[in-house]
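K.L.:
Taken from TrEMBL, the feature region 'Disordered' applies to 1-33. Marked as compositional bias 'Polar residues' by TrEMBL: 11-30. What TrEMBL records for 42-62, 74-92, 125-145, 152-171, 183-205, 225-244, 250-269, 281-302, 314-337, 396-418 is transmembrane segment.
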Amino acid sequence: MAARKRGPAAQQETKASEPTRNPPATNSKSVAEDPPIAPPKVLPILTIALSVLIPYCVAIFWYYDIEYELKRPILINAVLSLFGFFLTQRMIPVAAKYVSRRNLFGYDINKKGTPQGTVKVPESLGIVVGIVFLVLGILFQYFNFTADSNWLVEYNAALACICFMILLGFVDDVLDVPWRVKLLLPSVAALPLLMAYAGHTTIIIPKPLIQYFGESIDLGWIYKLYMGLLAVFCTNSINIHAGINGLEVGQTVVIACAILLHNIIQIGSSGDPEYKQAHAFSIYLVQPLIATSLALFSYNWYPSSVFVGDTFTYFAGMTMAVIGILGHFSETLLIFFTPQVLNFLASLPQLAGIVYCPRHRLPRFDPQSGLLTGTKDGTLVNIFLRLFGRRSEKSLCILLLGFQVICCLFCFFLRWILTGWYK
Ligand code: UD1
Ligand code: MG
């Protein structure tokens with residue numbers, strides 16, 4: 001939990017071991033003193049929602065001829081997701097009050113030295129997103145799956161993984177687990193899916209390599225190991241590409257939207273029913289992810305009125321990992337994750353302990369100009385500041401999210417170029 005990890009904003013480099021827990025504030029007087037959080041920001045969500053909804057609707061209703069049996073559950077899921085969006089948006093201010101009451105708050109480090117830097121920002125609001133997502137996921141089964149459905153086992157295993165990850169993320173926020181331990185939490189949370197997974201463990205060899213390896217290889221348990229590692233990577237890579245208002249949720253929304261468009265393109269352009277089902281399965285999970293995350297985004301966008309916590313970063317990473325695994329497009333997923341891969345590579349010396357790793361690897365904020373300057377810490381945030389010069393937190397976030405969009409578009413382009421030649 002941020003408040004327990006950090007205490008006052010001035011302690012940007014607080015060591016995790018320092019006891020920074022605030023005194024309990026459970027009486028009703030202190031609760032009454034907590035001002036309500038700022039209202040949601042509509043413009044950023046409208047921009048993202050419209051720029052994805054338009055191509056998505058064109059693809060699903062007009063461009064592709066998608067059969068009714070597939071379209072129906074997708075649309076039911078979309079309606080449920082819309083409901084989830086409004087529910088999440090309504091619940092966040094309520095939950096914010098409760099988490100603040102239990103001292104789950106953080107200080108905005110990139111506003112240190114200004115009045116905003118002294119405001120207690122409610123932390124771990126990812127818990128609302130996670131709970132609403134799970135409720136939607138559980139309810140949706142009623143509309144789509146018959147009792148003998150093969151998908152049911154894997155679908156519920158996926159939900160169990162996500163649920164387990166939310167629990168461990170929240171535990172991390174509250175107990176402040178040492179970060180080398182928390183690197184491993186997702187491998188524990190991925191167990192339900194690894195144990196229940198009965199799908200194929202065969203990979204199709206890219207065409208240029210068929211002469212060396214044959215058409216396919218059955219990887220057996222190595223495939224499951226790969227699944228576990230993917231879950232560890234997706235969760236942690238989102239968690240460490242963070243620290244700027246809106247970045248944690250923003251990157252999730254951009255990747256999830258790219259996954260949604262990828263799925264619909266694959267469903268529309270394929271004739272294989274099993275392949276289409278796998279992608280429809282991804283859509284059933286990614287639509288609620290986008291809707292609930294967008295609701296959080298409206299509060300987390302600059303200037304953040306709530307923080308998402310590791311509950312959200314772990315939840316989002318695990319959800320996208322299971323979507324990629326069960327939709328059988330983990331290579332594409334990893335290309336969508338290019339900024340996270342770059343950030344991870346830049347972070348390696350500090351993560352491995354070769355270079356000193358402070359508690360927060362954030363840029364330096366100048367309260368006079370309101371601009372951020374890149375530090376030597378190996379993160380994409382700092383690299384971007386060094387490359388493109390000092391800038392405000394909001395414009396840095398837009399720049400980083402723009403880069404995420406470019407990487408996703410590049411992935412679509414790469415797939416388009418390589419189709420027929422690669423696989
Ligand atoms: C990861 C990063 C850490 C980064 C932190 C920011 C690694 C190894 N760890 O740690 O370098 O500083 O995320 O999230 O790379 N905060 C802000 N503004 C924001 C978001 C967060 O100031 O927009 C601060 C708040 O004080 C908040 C805290 O970061 O309470 C949350 O940090 P937490 O998610 O607990 O950090 P880690 O995930 O452990
Ligand atoms: Mg975090």
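Including glycine, each Cβ sits where the backbone N, Cα and C put it.
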K.L.:
Six or more residues out from either end of the transmembrane segment (281-302), which same-chain residues have a Cβ under 8 Å from its Cβ atoms?
P.N.:
37-38, 40-42, 44-45, 48-49, 52, 73-74, 77-78, 80-82, 84-86, 88-89, 92, 96, 125-126, 128-129, 132-133, 136-137, 140, 144, 151, 154-155, 158, 245-246, 248-250, 252-253, 256-257, 259-260, 263-264, 267, 308, 312, 316, 319-320, 322-324, 326-327, 329, 393-394, 397
K.L.:
Please indicate, using numbers and ranges, the residues of the same chain that are 6 or more beyond the transmembrane segment (74-92) and have a C-beta under 8 Å from a C-beta there.
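P.N.:
For the transmembrane segment (74-92), the nonlocal Cβ contacts are 37, 40, 60, 125, 128-129, 132-133, 135-136, 139-140, 143-144, 280, 283-284, 287-288, 290-292, 294-296, 298-299, 306.
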K.L.:
Of the listed stretches (125-145, 225-244, 314-337), which one yields the highest count of Cβ-Cβ distances below 8 Å with the transmembrane segment (250-269)?
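P.N.:
Between the stretches 125-145, 225-244, 314-337, 314-337 has the largest tally.
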K.L.:
Do the transmembrane segment (183-205) and the transmembrane segment (396-418) share at least 3 Cβ pairs under 8 Å, sequence separation 6 or more?
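P.N.:
Checked: the transmembrane segment (183-205) vs the transmembrane segment (396-418), no contact.
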K.L.:
Hey, which bits of the same chain come close to the transmembrane segment (125-145), Cβ under 8 Å, at least six residues off its ends?
P.N.:
73, 76-77, 80-81, 83-84, 87-88, 91-92, 95-96, 99, 151-152, 155-156, 159, 162-163, 166, 169-170, 284-285, 288-289, 292-293, 295-296, 299-300, 306-316, 319
